[in-house]
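In TrEMBL this protein carries:
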{"type": "TRANSMEM", "residues": "29-51", "note": "transmembrane segment"}
{"type": "DOMAIN", "residues": "41-308", "note": "domain 'G-protein coupled receptors family 1 profile'"}
{"type": "TRANSMEM", "residues": "63-86", "note": "transmembrane segment"}
{"type": "TRANSMEM", "residues": "106-128", "note": "transmembrane segment"}
{"type": "TRANSMEM", "residues": "149-174", "note": "transmembrane segment"}
{"type": "TRANSMEM", "residues": "194-226", "note": "transmembrane segment"}
{"type": "TRANSMEM", "residues": "247-270", "note": "transmembrane segment"}
{"type": "TRANSMEM", "residues": "290-311", "note": "transmembrane segment"}
Amino acid sequence: MWPNGSSLGPCLRPTNITLEERRLIASPWFAASFCLVGLASNLLALSVLVSARQGSSHARSSFLTFLCGLVITDFMGLLVTGTIVVSQHAALLDWQTVDPGCNLCHFMGVIMVFFGLCPLLLGAAMASERYLGITRPFSRPAAASQRRAWTTVGLVWAAALALGLLPLLGVGRYTVQYPGSWCFLTLGAEPGDVAFGLLFTLLGSLSVGLSFLLNTISVATLCHVYHGQEAAQQRPRDCEVEMMAQLTGIMVVASICWMPLLVFIAQTVLRNPPAMSPTGQLSRATEQQLLIYLRVATWNQILDPWVYILFRRAVIRRLHPRLSTGPRSLSLQPQLTRRSTMQ
């Protein structure tokens with residue numbers, strides 16, 4: 001695969017690390033601890049979600065379905081990728097010995113793209129659902145909301161998986177990355193690598209941008225209703241404020257964690273002269289930057305469940321006592337309906 005007579009396998013390219021360095025940094029304890037914290041956080045959020053789904057309204061049930069899909073995705077992403085990373089550290093980061101045929105590397109590359117894109121795409125889907133629920137409350141049948149939400153989650157999973165499989169079909173490549181514990185897309189200058197890197201970056205960035213746009217409109221609509229002339233009678237229900245607070249938190253966390261990596265990938269594959277040499281080698285600085293940005297992106301899977309846990313109504317009421325503890329009989333839906341009939 002690599003020119004100049006390289007004896008490495010199709011996923012194994014030269015990296016800037018010596019055997020002594022591998023022995024010094026090949027400790028599975030840090031990776032295992034990081035993974036366990038994330039798994040425990042997602043399990044806690046999942047248990048809270050299961051109890052919250054009982055007796056919830058149609059709109060909230062649909063939103064909680066998306067949250068369940070997000071938490072399940074984050075949990076499985078940490079479990080599968082963490083297991084591979086820990087096992088490679090235990091093997092002293094010697095990927096060539098553990099996986100000479102690159103089957104494990106290709107599998108990890110697929111799941112890295114899959115579990116990376118899913119939270120961003122699910123965030124955009126959740127933002128779209130809340131946008132329609134707030135601005136077009138009667139445009140969808142309430143009885144089918146939960147079934148439609150699970151269908152949307154399934155479509156998101158299918159789309160992310162389809163993108164992750166592209167390098168196995170010849171568009172892009174998955175290669176072992178520094179320090180030898182994980183596989184990801186190749187930041188090379190070949191057309192397939194550039195196309196796949198830009199496609200991954202474009203989908204991720206569009207998801208974040210769409211989430212920002214729709215969440216901004218939804219929050220502005222809620223604020224308009226809350227502070228309108230009939231605010232005393234038509235304030236948004238507590239659950240609507242709660243859902244938007246959680247969704248905004250998820251969007252902010254995803255943006256902070258993922259945008260640096262997405263920007264770095266686009267800059268690297270478009271760099272002129274190319275960042276990767278013809279033999280497949282990146283500079284030490286580029287490899288270390290990629291590792292740092294990847295670690296920052298991984299925090300998204302740990303912080304997502306805490307956004308839901310901390311941004312619940314019980315916590316919001318403590319910070320904003322004006323949100324009453326009793327259920328509201330009216331929401332913004334009547335006001336939006338009245339406004340549409342007057343036009």
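Each Cβ is built from the backbone N, Cα and C atoms, and glycine gets one as well.
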At a Cβ cut-off of 8 Å, and with pairs 6 or more apart in sequence only, do we get at least 3 pairs between the transmembrane segment (106-128) and the transmembrane segment (247-270), yes or no?
yes
Long-range neighbours of the transmembrane segment (247-270), counting only residues six or more past its ends (CB under 8 A):
63, 70, 116, 119-120, 123, 126-127, 130, 185, 187-189, 193-194, 197-198, 200-201, 204-205, 208, 211-212, 215, 218-219, 286, 289-290, 293-294, 296-300, 303-304, 307-308, 310-311
Compute the average pLDDT of the predicted model within the domain 'G-protein coupled receptors family 1 profile' (41-308).
88
Recorded stretch, among 29-51, 63-86, 149-174, 290-311, maximising Cβ pairs under 8 Å relative to the transmembrane segment (194-226):
149-174
